[in-house]
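A.B. asks: Dropping the structure in here first, questions after.
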């Protein structure tokens, strides 16, 4: 009884448990090509070095079912954890002409909705070497009480590189070092380790006047060549010196032509001169030629600092700066300040009063002000004072103070600002002082405290200012989270008190503050008011689109939910089916205080007639939004299984290949059972397709279905379309492209021999040949007559052991570099070892994760007969790897060894060896295999009968 139960449990298929073949995503990053590195022990799957300007290609190798979706992200750099989106949502990340700033850690995230996402990372290290920069610095010091002077020269060589550069100093063609010359010192200054090297020439001697070369090298990493820079040191070598043809501050009138000369007064080698403008570029039309800068018809916007810099890499650059000031005036304003001592905000007789006037000018300090009363110059007296630069007001402001205000002081005052003797128009501002001059008040017009407007329309916010004079109105936002106005400014001035907004959006909703300005009016505490902006916008609903599947005869409830809107309510909801209006569904009574936030439609049973497109239009009186529902009983699409081990099967004897197609059915229980599948196979670039019906029994969730496609032509690709059928009819179709690839099997039919290369460190090479290209005088009784297919056209690789080969000579054939994307691999190949002098055939694995280390994986020696035989060799590389076929010459010339049909497969090797002398015929088309239940059912009955 116990034995029977154990047998029954052992016969339960794997995919009938839990979720079947559904599996969480797994990922691994592989890179195209071999990393260029400084040291072999730096080769690692998690660190990839690449030369700046080359193409970076990273592939995220994924497994899992359903097929995981891949998204690439990266950190901002090696020293930052901030993520930057790369906007790459496929399995391959490709960056053309990679820059050093694009180095960092790259992450591939694979997720398929099963379990947690898989995240893998790789650090990309971009290698580069810039041109070096050589600068010279000199010092002179007194020695022994002014009896003589000692001159020391420092040659500083700086370069940007990755990895850190190695420096070599040369005098002429001779390499310099500490040990060879006591007058030379070479060192790295502090804080610039690996980027700067200084050559110090102590107590300069006649032989030190020579040409010096700084050569920088990254030891040819990534093929980056060395770079060098040379400087000739003479007894006239000197840093640059400059002088200007004008004063450092140059004041000009608008419209004048400005010319500034920067003159060299020293420097060897001859310095290079350059003009710059801060901030920004040189003005449009400006011409900088050598040391001369010309600006035609200069304008106020051209004011600023102009820098002349001289560089010859000796000492520090020489720099002279001209502050160009173009005379201009703008923004004339005034202020009325009542008696400050008495803290008054009104104009009162017997109290003091101050009128202030200011303009924004360049140069500010050269502005002169003149005051007029009733059109005549104001006369100074004990009660009428004119002051300048009031500390309580902006710089260079003119103030007219009226002490103990009398009735006779009422009148119109005018302040005029000017540049004496300059062709700049005067600016003036006028203010009237009378009993009617009162401070401002501000209010919101009736009915304008709340402004409601629809999104996209213009809006006008208004505040009314009363008083004489009426100052400008300043607008700002009260909301802390939205401190800026729609214009992008924190504060906006309006002369009429109206803030005009174009095409308002919902984020403009909120409270706005209007307040009086303290200029062009009374200099008193600002008056303020508030206006509420209410932006109405159409509703937003979910789902915007939903695919609803249900078996025939079952009920369905459709719900359209209001997410947001202004107003936040459903005013009406209209349902349509296939564009036709439906009668309103029954209204469900709700609490009086509740506002419905959704609309529902119930279908009592899904039928062919009730299947189709349903539309719910929800309105909130401002606009409407639509929920779309596609209701049907058709089956979901199949989910192709991409993790089939070695799905392509081919043989040299035939020009055809077969492909193992596997899939699961998405949510099979959501609708009626799948009865069969319609399979369409079409060769790419062809119009005709082969169509076949594949019957199935009850399909379970996660159950792996399989069908073998046969008679596919090598090397063509095919489009596969698979459609499930239920009692409802056709379901959703899934399609994919299958390719014939030989990346895991090499038949040596091409001259490129699948990327294999001859090892340059061995004694001789492997030879590619077939029966037609064999040497007719080759040695008999050794070597194969044909390749494994038995056809004279088929190629294979072999070693020729005739002269001049000697005992122990080795020939090595090295595979391309493979990225280890699985824990176990199986290397399968056919070998032919016939002859009485046969030596050895070895298979080695060269692991590249901890240096180039070759490990023996398999070996065979001696005569094995005139037959092709197959070997399966398991390997488990821990990182990127290569496989090597090593043929060793035996004691004589009758020792030719051949190999053919090399296959590299993921997973473990087959337990049972295949007969190498029999042609394996690929199985033909058949119904898909579902589960082993069809096999173990009869077996279980048989075992139960046995038990009885």
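Every residue number used here counts from 1 along the chain in the order it is shown.
Even glycines carry a Cβ here, placed using N, Cα and C.
So TrEMBL has the following annotated:
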SIGNAL    1-18  signal peptide
DOMAIN    24-123  domain 'Ig-like'
DOMAIN    132-230  domain 'Ig-like'
DOMAIN    240-323  domain 'Ig-like'
DOMAIN    338-432  domain 'Ig-like'
DOMAIN    440-532  domain 'Ig-like'
DOMAIN    539-632  domain 'Ig-like'
DOMAIN    644-744  domain 'Fibronectin type-III'
DOMAIN    744-911  domain 'MAM'
COMPBIAS  772-781  compositional bias 'Polar residues'
REGION    772-791  region 'Disordered'
A.B. asks: Using a Cβ cut-off under 8 Å, which residues of the same chain at least 6 positions beyond either end of the compositional bias 'Polar residues' (772-781) come close to it?
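C.D. replies: For the compositional bias 'Polar residues' (772-781), the sequence-distant neighbours (Cβ-Cβ under 8 Å, at least 6 residues beyond its ends) are 792-793, 800, 802, 834-836, 893-894, 896.
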A.B. asks: Which stretch from 132-230, 240-323, 440-532, 644-744 shares the most C-beta pairs under 8 Å with the domain 'Ig-like' (539-632)?
C.D. replies: 644-744
A.B. asks: Please give the average pLDDT for the domain 'MAM' (744-911) in this predicted model.
C.D. replies: 87
A.B. asks: For the domain 'Ig-like' (240-323), jot down how many residues DSSP puts in helix, in strand and in coil.
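C.D. replies: Helix, strand, coil within the domain 'Ig-like' (240-323): 3 helix, 49 strand, 32 coil.
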A.B. asks: So, by DSSP, how many helix, strand and coil residues make up the region 'Disordered' (772-791)?
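C.D. replies: Looking at the region 'Disordered' (772-791) with DSSP, the answer is 0 helix, 0 strand, 20 coil.
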